[in-house]
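In TrEMBL this protein carries:
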TRANSMEM  A:16-34  transmembrane segment
TRANSMEM  A:46-65  transmembrane segment
TRANSMEM  A:85-112  transmembrane segment
TRANSMEM  A:118-138  transmembrane segment
TRANSMEM  A:150-172  transmembrane segment
TRANSMEM  A:192-209  transmembrane segment
TRANSMEM  A:221-243  transmembrane segment
TRANSMEM  A:272-297  transmembrane segment
TRANSMEM  A:309-325  transmembrane segment
TRANSMEM  A:337-358  transmembrane segment
Amino acid sequence: MDEGVKTKKTISAQQLFFLILQTQIGVGVLSLPYSVHTESGKDGWISILIAGLFVQIGIGVIWLLSSRFPDKTLYEFAPLLLGRLLGTIVNALYIVFFFIVAAQMLIVFLYLTSNWAFPHTPHIVFAVIVVGITVYLIQENIRIIARFHVLMSFLFIIVLILFVFIIKHLNVYYLLPIGSEGAPAILSGTKQALFSFAGFEFLLWLYPVTKASSKAKWKAAAGASAIAAVFYTLLSAFVYMFFSLKKLNHVPEPVLYMVKAVELKMIERIDLLFLSIWAIFAITSFMSYMYLAASGVAKLAKAKHHRKAVYVLAVLILPITFYTANPEQSVNIYEKISTLSTIFLFAVPAFLLAVAIIRNKREEST
Amino acid sequence: MSFWRGNKLAAFSPSADENAKRLTEMLGDADDVKQRKFSFGKTAGIALYLVTLVDSLRVEEHILRPLAENKSKNPEDALTAIERDDAADYEAAMNALLIGKTLVFFEGRTACLICGTERTALRTITEPLNEKIVRGAHDGFVENLNTNLFLLRKRVQSKELVIEFAEKGERAKKQIAIVYEKEIANPELVKEIKRRVDSINAEMIYSAGHIEQMIEDSTLSPFPQFLSTERPDRVAANIMEGRIAILNDGTPTCIIAPVNFITFYQSPDDYTSRPLSGSFYRLLRLFAFFIAVLLPAFYIAVTSFHLEVVPGDLIVQMKGSVADIPYPTIVEALFMEMTIELIREAGIRLPSPIGQTIGIVGGLVIGDAVVSAGLVSNFTLIVVALTAIASYVVPSTEMNMTIRLLRFPFMVSASLFGFYGLIFIMMVIVIHLCKLESLKTPYFAPFAPLRWKDLKDTFIRRAIWKQKTRPTDSMPLDETKEEGSREWMKE
Amino acid sequence: MKKWWIMFPICILLSGCWDERPLRTMKLIFGAGMDMQEDDRYSLTIEMPIEGAGGGSSGQGGQGGGQGGQAQTSQVMSEDGITVRDSAYKLDRKVGGVLDVSKLRVLVIGEDGAEKGLYSFLDALYRNASSPLNAKIAIVEGKAGTLFQSEISGEQLHSEYLYKLIMSAEKESMAPVTNLQFICISLLDNGSDPVLPFMKYNEKNKAVEISGGALFNGTKMTGTITPDEMSAFLLLADQMGKELSFTIPADEGRKLTILIEKSKRKMKVDTTNKDHVTADISLDLSVRVLEYPPDHLDDEKKLNELNKLVSDELEKIFTQTMDKMKMADSDTLGFGRQIMAKDPKKFEKMNWKKSYRSADVKIRVKTKIISGGVIL
């Protein structure tokens, strides 16, 4: 009913929780255990757990920053903190970052889809469909997006049930002795894992639109990341307990490969079901990033609504996806974005927080 | 308004003749306009009415005979018609005439007396055929608005029940009644619905479906945003949840808003039966929803893309049944779906004994023949039949149509992209449901936005005394439904 | 003009479905046998069920029983090529329809081939996203190809028969519970080795029998064990199925058949010794006597005697099994994995495969007879 007024405080803490969770759990689910294992071997799960702890720090920083500007998103308060020019540049960089992350997600989605289920369908078909669905959702306001993300989160239950069937095939000895890979290897694995937690920075934009106490917002964001961390850790621990290290070298998408072993009476080959659920997770993350980028573009262009920005970005992302849609390139891009992400997820918010503290900028909630 | 000659707001003439003549003219000298002259002592007068609309006996008994018998001093006192009124102008008089009242003019008086003499051709109150239930009340609305309101008032005997009338239709007026519980229904919503009803500018209101299309939020959506029902108990229950009912004269259907998706799955039977069985059948219905929408698509996806998911013991039978069919599964399935839709449509139109025959001929004979001719496989037939049955489980005709429509995009998409096709269409539909609003309240309510508290009456139905609060999607003023019904337990 | 977007779905509809694999045009492989020939060429034998008359002719069939299209007969084909995939393509050229491996239920590999290395047979399957990793796998005495061509009385579909055979063997603890997926993991694990069911064709009964297990060293088959030894191995590896029976010679030439109800295994690998590894395995078994013609089982003394007898005999079988596995260099119990978990550096230093033979494995068995059936 309060739609008419320039929307503020439209989502609940619960929706905040699920929005961040859905954004964090995305394309990475299938290959995270593998990519971490290349660095830290069978102790990859520790790397992921540590990455989850780092993310908690990142959330703390973002929360402190956002609670100084309870009515403003980063796009709005960055110019206040850094001056108009520098603020706009930071905003533009964020937009580009989000856009690239979205594009990378789409690339990974298309690549895995064609690899696992639809080898002959041209990439463009799925790309256009996914972008189309995304546009259909994200042209609406954040409240509708939140509703959708909350609903889709219930698919987690199916994923967890699938894991129950795997438990009996696990071999704990594959994990032992814990920590034998050494601290440097584990930490370098952590660096690999950090990127899969990307999504918590959404808090910078959701903080002002969430209707809850400041503490509740922190709880929601931290809780979502904690759940994501536990989920990823469990997932990778399962994978490392299922495959021996030597075998793991052969399977870049170990999660799907693992699920293949599950056999139910009613239905066989659960990996196909799992792939479909993963597709939903991947698309929801993609939606979140497209929304962030689009709302940034709208802010830069001083548009009233982000709808047009969505259309523009949707048209732009398709050629970018095709230009880079081969596996070698996408691995390359992944590495680069991984590094970039640490800057945008941790360094920039920390820097902004420092500036805010030094310049003593603070606003009260209206 | 060109037929409306003369000044409709003009005062009545002292001459009864002229008044009568003028009104007759206004009705285009219609042949069913009847003038009856009478004299009451010295005063002469004319009774004017439409033969086709009045109960002639009542005109005779209560107007003409008392006047002729000439017993009292005053002509007005002589009349024994129960309902009497004075018309202010020609328009009022005309409107009264058109709903079956009799106008009485006395010579030398510039006034018009309206007497209620309407003929009421009422259908008896029976249980609506399309919404049968096992336990609970068996009455249903009829075509007459007053009867329907009587049924409602009788059911909700509360001083807070508000009935507001609106007359709509530019050429032919029809009464519309807006009914709500004023201490529960949100005044914002009442205001909104009145605003929308006010803006109706149609020539004539034909049915409830008409009103619905003019005031619903999204006309292109496949999902109904108003609950249509012919059951007074269902309307009463919804009114008590803070929803607003709209009834109109001439149709037995009442439309209710704001509603959400799950409302269409709630049958009065759920509440009259025990909580366990009520919950079971609610779950069954929701399960039927998924079968009706997804099963054929899933089957198509499996047979044309993901044959891996079929268990090894079943695949031989399945392959055997599909092997000799010349067409792709999607063609088979669409063919059978169309056949079933045809049978349904034909069954409705034909008189009921023949309708049943068509059902048997269609279902058994065609089904068997089509399989033995090798056009359609056994499995497809099973899937389609199961789907058809499942789609009829929903206790709402509108939702039933929606479900039957929804499965076609699913089927086509599944035939193109297998499971991914299912996922894509599912996402689009869920997004649509998230966007959709019924009277500005979220349509997919207890699920999106998720309200844990309101889930108590969705998948399952908790015991009545456990449902202490009203669902919040209708934004009721008073959320408490009941408190401490089972206090006796504590003693 | 506003409806321009309609063009898009129409385009998709017209362009067709790229990845469609219609069931009706598929030739499903249910069973496959693989052999290595003398010239190192791979020969592949496949079995496809031929569906009984489906919908079309069932109406005219007359007999109601024939409806639904049960598998009637099967079609067996064989071809050889340089790789497994190569022979598969050659087969595909001969078959009317598209060969599809995704419903494979049983894969049988010939003894000779397995001795030369199992992984090269399976690699093609592991690389294919749609291959069924839950198919059963077994090693056969002689050629796998001939198994599919030989007659089996009462059964038409060999693969179905073999599948059921292996399934019931798993249940009765005559074969380890395994499939393509699990076998792959232990094939590629340098800390443990797989055991596969070993079967042979029985000319007299025209049937296939499970004749124990095949032992592997790495990916190469190095020995076999008898059915009794297989059961012993399953107990040692703590992989007992639903039930497990042994027949033991008792005193004075009498025989005793027992059924193991419950088994508790404890395994300890000691790596503190510098030059060799010692392992302790203790088994706690609850036993039910199925058949013991001579005596009643109500006497306490008698029962104790029997208990001792059973545990002694079992210990003998266990030790014998262990020795066989050592001789085959097959670390089926995964001692290596345990050493790795405890002391990875030591494992790297030592040549485990060599020292496995000299490993000192102590097996202790404790049995308890809990029931003698419905009679005393």
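Note: Cβ is positioned from N, Cα and C throughout, glycine not excepted.
The recorded stretches the transmembrane segment (A:221-243) and the transmembrane segment (A:337-358) do not share 3+ CB pairs below 8 A when only pairs 6 or more apart in sequence are counted, and are therefore not in contact. Within the chain carrying the transmembrane segment (A:85-112), a Cβ under 8 angstroms from the stretch's Cβ atoms is held by residues 26-27, 30-31, 74-75, 78-79, 123, 126-127, 130-131, 198, 253, 279, 282-283, 285-286, 289-290, 292-293, 296-297, 299-300, 313, 316-317, 320-321, 324-325, 327, 330, 333-334, 337, 340-341, 344, 348, 352, all 6 or more beyond its ends.
Nonlocal intrachain contacts for the transmembrane segment (A:46-65), taken as residues 6+ away from its ends with a CB within less than 8 angstroms of a stretch CB, comprise 32, 36, 39-40, 178-179, 186-190, 192-194, 196-197, 200-201, 203-204, 207, 214, 217-218, 221-222, 225-226, 228-230, 232-233, 236, 345-346, 349-350, 352-353, 356.
Here the listed stretches are A:16-34, A:118-138, A:309-325, A:337-358, and the one with the most C-beta pairs under 8 angstroms to the transmembrane segment (A:272-297) is A:16-34.
Contacts between the transmembrane segment (A:309-325) and the transmembrane segment (A:118-138): present, as 3 or more C-beta pairs lie under 8 angstroms, all at sequence separation of six or more. Using a Cβ-Cβ cut-off under 8 Å and counting only residues 6 or more beyond its ends in the same chain, the transmembrane segment (A:16-34) has close neighbours at 44-45, 48, 105, 108-109, 112, 145-146, 149-150, 152-153, 193, 195-200, 202-203, 206, 210, 212, 217, 220-221, 223-225, 227-228, 231-232, 235-236, 239-240, 248, 251-256, 278, 281-282, 284-286, 288-289.
Listed as Cβ neighbours of the transmembrane segment (A:118-138) (distance under 8 Å, sequence separation of 6 or more from its ends, same chain) are residues 106, 109-110, 144-145, 148, 283, 286-287, 290-291, 294, 306, 310-311, 314, 317-318, 321-322, 325.
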